[in-house]
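Noted in TrEMBL for the protein shown:
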- A:21-43: transmembrane segment (TRANSMEM)
- A:22-248: domain 'MacB-like periplasmic core' (DOMAIN)
- A:287-312: transmembrane segment (TRANSMEM)
- A:294-411: domain 'ABC3 transporter permease C-terminal' (DOMAIN)
- A:338-361: transmembrane segment (TRANSMEM)
- A:381-403: transmembrane segment (TRANSMEM)
- A:435-456: transmembrane segment (TRANSMEM)
- A:537-661: domain 'MacB-like periplasmic core' (DOMAIN)
- A:693-717: transmembrane segment (TRANSMEM)
- A:701-813: domain 'ABC3 transporter permease C-terminal' (DOMAIN)
- A:741-764: transmembrane segment (TRANSMEM)
- A:784-802: transmembrane segment (TRANSMEM)
Amino acid sequence: MDALIQDLRFAVRMLRKSPKFTVIAIVCLSLGVGPNTAIFSVIDTLLLRPVDVARQHELVSIRTTIKGEVGEFSELISLSHPDYVDIRDRTDLFSGLIAYSGSEVAVKLPGGMTTSYGSLVSANFFDVLGRDAVVGDTFHGNPRATPGTMPVVVLGHGFWTKNFGADPDVVGRHLWVNGFEFTVIGVMGPGFTGATIALQPDMWIPLPMCAQAIPNQPQRLNRRDQLWLNVVGRLKKGADLVEVDTRLGTLGETLAAENPDEIMERGFTSAPFSQLGELSLVPVGGLIAMVMGLVGLVLLVACFNVAALLLARTTERRREISVRVAMGATRGRLIRQLLVESALLSFVATLFGLILSLWTLDLVRSLLANMPIHIVVDTGLDWRMLLFSLFVTIVSTLVFGLAPALHHTKLDIVSHLKSQGADAGSNRATSRLRAVFVVMQVATSVFMLIVATLLWRGLQRAGNIDPGFDIDHTAVFHLDPELYGFDIDEVGELGTDLTLRLANHPDVEGAAHGHMAPFDMNYSVTSVQAIDENLGTGEPIRTLKNSIAPGFLETLEIPLLEGRYFLASDRLDRPRSCIVNRELADRLWPGESAVGRQIMPAGGEESIEVVGVVPTGKYQTLGERDQPYLYYPLQPRFEHGLSFILRTTRRTASDEVTAGMRAFLEKEHPEMVFSSLVSMRDHISTILWPNKIGAALFAGLGLLALVLATAGVFGMVSHEIRQRRGEIGIRLALGGSPETIMALLLWHGFRLVGIGIAVGIAAAWGTTHFLTMILNGVSPTDPLSFVAPTLLLVGAAGLAVFQPARKAANRDPMEALRYE
Amino acid sequence: MIDNLSNRLTDLVGAKVSGNSPASVIRLRDVSKVFCGKGLETRALDHVQLTIERGEFLGILGPSGGGKSTLLSIIGLLDSPTNGTYELNGRTTVDLSPKQRARLRNQSIGFVFQNFNLIGDLDLFQNVELPLTYAGVSPSERADRVASALARVGLTDRDRHFPAELSGGQQQRVAIARAVVTEPDILLADEPTGNLDSRHGETIMNLLAELHRDGTTICLVTHDSRYAAFADRRVELVDGRIVNES
């Protein structure tokens, strides 16, 4: 311990003695540590952190298992309400069993109507999770409460703060949800998100009020075929997952026997509770590893940078190390001393990195505050963040401190002891190791910049891709009339009525509606088979589908290739008809005309006639490959929600026009929310946000890596020049011109930069094909994306090499020789 | 304290270094050292036989490149012979691990270099204290022994000064204090006056002579015959061979 304290004291003295080195090293490391800690914190908050519930380890998730077509069982996260009730009432494994599901609701606020994110939860939800309201109370109702008898809501903290100014008198106020009157009884704490991480519902509505919260499906609580509830139980003392699985298996068989018409090949299973909800079935670990790996690269560049600096610095301390060896210091002892210095640097850098990450998190929080949903990102410093920082400190100490320490404790002691000056001359092995560090920095930086450029180019290309219809003069919005009390039979009338009103608006040239608009986040898929009188049915083709009213394709100006558009007479209850895109037509009847042919949809009993063929467009992402697409005539009775398409007369769907259209609609229907009305270009841009985030992340981190790499090149060249001062003096004294000296030094610097660039390009060349799907048609080996970052790095490195080289080449030879 | 140190050393190298110590501190038999590089073989030492008795003051003379420093490095366990055997206190050193060599170097050998080799970032006290730190001596005992060593070289009142604040002669005295603070079996001095003017050189040689009178075994490398005269016995090394002994 005494020796360790001595090492620490000496480390402090050594760092104070070289303030320039210390500051540069700390800045470099902080720039590496800061983003790592910030991104870890965001990932931790969104995906890893336990939810704010009591004794999470006692909770188990109940899932449905369904037998697939080839006999395999797959797990679904959701259960039906009758299943939940049966498990709750017919097992004694749990001290409490809760059910919950998210649903969009229309809420009338003093400022007007708004759509909110509600969570329908069983009446025992808060009691089982063990959390109370911070204002008012939660509902402690009987989970067997009669439907419609609990018109109360508990508000989320974010919703309460945003819409009620955190007024504690909100308790007892009435709130109109989907046109029904509810009473606010309480507000939950700021960190409470329910049983799902990060996403905080605006309000919790008791499950008995399901018919009011999801008005279009009044029978949802009674339907065993509708799997929509997440179910979580709190295990009784002594119960375990094996017992739960066994009992649930038996119950599943019993229920299947009791309800043969409703349950086919279905059962239950349990899993340790996961706050990820649906995401628990997704390989989240891979995503986390990818993001952390990316940001870890920046830390790696910073570490390489500091390692090169340390190497240069310990080179100057070789004599001191040799003396210590002569005095009997073991190699282990010396490595420890050097690592203590590195650890001290890491520690200070981590402190600054933490401050940097807290600023970054504040920025993230302010960005999230503008989102329509309340995502809880705790920006405070907590032990998890500190633990991660400690981990980063240890890793970075080992990465940048160990190699120089190992290297410098394996030196030629005798020659260093006999040397006269501070420098014992350049050591070839040291130079090589330092060169490796510089090459790695440059390579990492080039790699990240190439990926960032590719992603930006992909985004840029997205704006130029033709989706198959006019996006510049089109606007779109979504409406769920049932949220406003419209009867299922009235939805069709409302759609037609609104379409007519919009079409008559002076700013609108055409209007239409359908179930989904292009590039909606949700999509429907079905399988169809070609029916041939002679050959029978063909192979099933999987295709996207949409239901549209007459005029939908015309409004989007999607041309007909064959046949006709839908007519008012094309209804599902009349002779059935459909329109297919070119891709589907070619797959069903290659090289033949599709019009007049028949197809059979999966599970269908009647064939459908193809009445038209339209070109293949883009439906989900701009970069997608050609996909089969099938249009049915709209039958609102079978669909949930409507999407409206407007073609504007001003030949642009600018913000001004969309704002005008919103105002028009709100005036026509003040009880409805039309906030989703945006230009088609804005609508499409929402599907590009993952690309934008990816590009911004890569660009930001790539530029950071560029700065660090440039600093690294500068440091390396400056050190080399310092080491070669004598040689430079001799060359100059022997008649060498400053130009030839400079060329020599530039060659030395650029050689390493060149190798680094080559390594970076090779790494990018080998990996960018994984990005093909999100590049919107840009080649993963797009020459411009490879050349531009290369030139940028050459330019930055050029400046880093040129300045010290010019200074050295123009030095007075006598000065250099005196030094020698 | 000495017993304590020697017990620890016994544990490490399996040889008793005090009490029943052999008369010869250093015994080299047929020691050769060959440096190989890029197909070129350089024989720095060629079948050297050398014994240094306890309490002896040996002077090693010879021209530059004669192998003096290589010999001193091998004796100081900073290097190993290519051939031959080297015994320190009667224990062969060939099979020692790097850790054992470091321990032995720390306990049995004191170094004085031509260019002092003090650590500029440590004050005089800390410089002299350094070998004791590596030996695991307690802080209170270190303080006593450092004070005693600095007193021996006449620098008691300068212990919190840094090397840069001293003259060359004073720095070398500190280096000698550092070399003797562990009370080593042998003090190896490699051209200790090489960087000093004659007045300071004389002072240093007198100090070494005084240490020798007090019982310290000294091996001095020098090319200056004036200083070689301080030694009891002199060997001359030319082209890696001992060509003369007087």
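Using the three backbone atoms N, Cα and C, a Cβ is placed for every residue, glycine included.
Unlike curated records, TrEMBL annotations are generated automatically.
For the domain 'MacB-like periplasmic core' (A:22-248), the mean pLDDT of the prediction comes to 83. Contact between the transmembrane segment (A:287-312) and the transmembrane segment (A:784-802) is not supported, since fewer than 3 Cβ pairs fall under 8 Å when only residues 6 or more apart in sequence are counted. Most Cβ pairs under 8 Å with the transmembrane segment (A:435-456) belong to A:693-717, among the candidate stretches A:21-43, A:381-403, A:693-717. Sequence-distant residue pairs (6 or more apart) of the transmembrane segment (A:784-802) and the transmembrane segment (A:693-717) include at least 3 whose Cβ atoms are under 8 Å, placing the two stretches in contact.
With a cut-off of 8 Å between Cβ atoms, the residues of this chain six or more beyond the transmembrane segment (A:21-43) that come close are 15, 288, 291-292, 295-296, 298-303, 305-306, 309-310, 313, 345-346, 348-350, 352-358, 360-361, 364, 377-379, 385, 388-389, 392-393, 396, 400, 700-701, 704, 707-708, 711, 715. Secondary structure by DSSP for the domain 'ABC3 transporter permease C-terminal' (A:701-813): 97 helix, 0 strand, 16 coil.
Taking DSSP states H, G and I as helix and E and B as strand, the domain 'ABC3 transporter permease C-terminal' (A:294-411) has 96 helix, 2 strand, 20 coil.
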